[in-house]
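Report on the structure given below.
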Amino acid sequence: MTSLIKSETGSGASDPAPEPGARRRHGRVTPLLIVSKYGTLIAMAIMIVVFSITVDNGAFLTGGNLISIVNQSALTAIIACGLTMVLVVGEFDLSVGYAASLAGVLVTGLIANQGLPIAVAVLVTLATGAGVGAVNGLLVTKARVNAVVATLGVGTILTGLAFGYTAGSPIVAVPREFTYLALGKLLGLANPIWFMLLVVAVLWIILNRTASGQRIQAVGANRSAARLAGIRTDRSKISAFVIAGVCAAFTGILLASLLGSGTVSAADSYLMDSFAAVFLGSATLRDGEFHIVGTLIGVLVVNVGFNGLALLGTPTFWQYVFKGGILVVAVALSTIARRYARP
C-alpha cells in the first residue's frame, strides 16, 4: 500500500520538480550520493579510528568500553525508536524528553510515597505515557494544532506537573529491587541493553510486518492518498504518538532505576539526542526515510562521539558543540538523501 501511495504522489501535478543537481541519473554514483546514504556509517568508522589512536592506552577500543557505549546508548535508543514512529507518520513530538522526566518522578513517587508494588507503579507509569501520547495525537489530529506547538506545550505542562508532584525535590527513597531494572545483568549484559533490543525488535516488526505499520508508513508518505485508500489517518497518527509516549515513559522508568531517584529534569536532554539519532538514521542505508534500524545506528554514532570526547577529557562546552553540530549535520544528510530519492 505504501508503494502505491508513493507512486500516486510522485505522479501528481502538484509535486515540485526536483532540482536538476539532485536528480539521480541511472547508473551514476556520485560522492554526494554515497555520503547521503552511507555518511553516518562512514562517520562512525572515522570516529572509531580517530579515538582508537588518540585516546591514551588504547582505552577506547577495549571490550569493556565498547559494551559501555552500547549500554549508554540503550535509553536513548528506546526513546528515539518511539520518536521514529511519529516522524514516520509525518509529525513531530517535542514532549518525549519531558514525558520521560515525568515518568521518572511518577514511578518513584508511586513506589516511595504511595507504597505501590513496583510492577503496579511501572504499569501505571507506562499507561500515563500512553495517555500523554494520546493527548498529543488528539491535539494534532482532532484540534488541528501544529504538532510542534502541541507537543511543546504538552511537554511544558508535564514539567509543571512534575514540579508540582515533587515540590522540586528528588524522590530518593526507592527500594533496591527497583534499581535492579537498570543495574541488573542477564548473560553478562546490562538489562537496559536487553530492553533496547526488545523495543527495537518489537517496533521494527510493527512498522515492517504488520498492517498497522504499513498504514503508518502510508500516512507519512501521503496523507491525502492514504485517506482515499480508506486508511483512517487520524487513528494511525494517534497510534504513533501513543507508541512514542510509552517509549518515553519506559525510558524515564529505566533512568530513575539507574539513578536510584526521580528528578524533575533528569531526562530532558534525551530530546535533542533522540532527534539527532533519528535524523542520522534517516540518512543511513535509505534515501532519507525514517526507520528503526537507522535510528539504532544513529544512536550508536552519537554515543561513540560522546564517549570518545569524554575519554579525551574534552571540555564540556565542546561536548555541547558536538551535540548541536551533529543534529545540524544529521538534518542536512537527511535532506540530501531525500533529494536523491526523487525521480
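These residue numbers are counts, starting from 1, taken along the chain as shown.
Backbone N, Cα and C define each Cβ position, glycine as well.
Nobody curates TrEMBL annotations by hand; they come from automatic prediction.
Here's what TrEMBL has on this protein:
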- 1-12: compositional bias 'Polar residues' (COMPBIAS)
- 1-24: region 'Disordered' (REGION)
- 32-54: transmembrane segment (TRANSMEM)
- 66-89: transmembrane segment (TRANSMEM)
- 96-112: transmembrane segment (TRANSMEM)
- 118-140: transmembrane segment (TRANSMEM)
- 147-166: transmembrane segment (TRANSMEM)
- 186-207: transmembrane segment (TRANSMEM)
- 238-260: transmembrane segment (TRANSMEM)
- 292-311: transmembrane segment (TRANSMEM)
- 317-337: transmembrane segment (TRANSMEM)
By Cβ distance under 8 Å, which residues at least 6 away from the ends of the transmembrane segment (66-89) in the same chain are close to it?
96-97, 100, 147, 189-190, 192-193, 195-196, 199-200, 203, 207, 216-217, 219-220, 236-237, 240-241, 243-248, 250-251, 254-255, 258, 267, 270, 273-275, 277-278, 281-282, 290-292, 295-296, 298-300, 302-304, 306-307
CB contact flag for the transmembrane segment (238-260) and the transmembrane segment (317-337), at least three pairs under 8 A:
no
Do we see three or more Cβ pairs under 8 Å linking the transmembrane segment (292-311) and the transmembrane segment (317-337), pairs being at least 6 apart in sequence?
yes
Which range out of 96-112, 118-140, 317-337 gives the transmembrane segment (147-166) the most CB pairs under 8 Å?
96-112
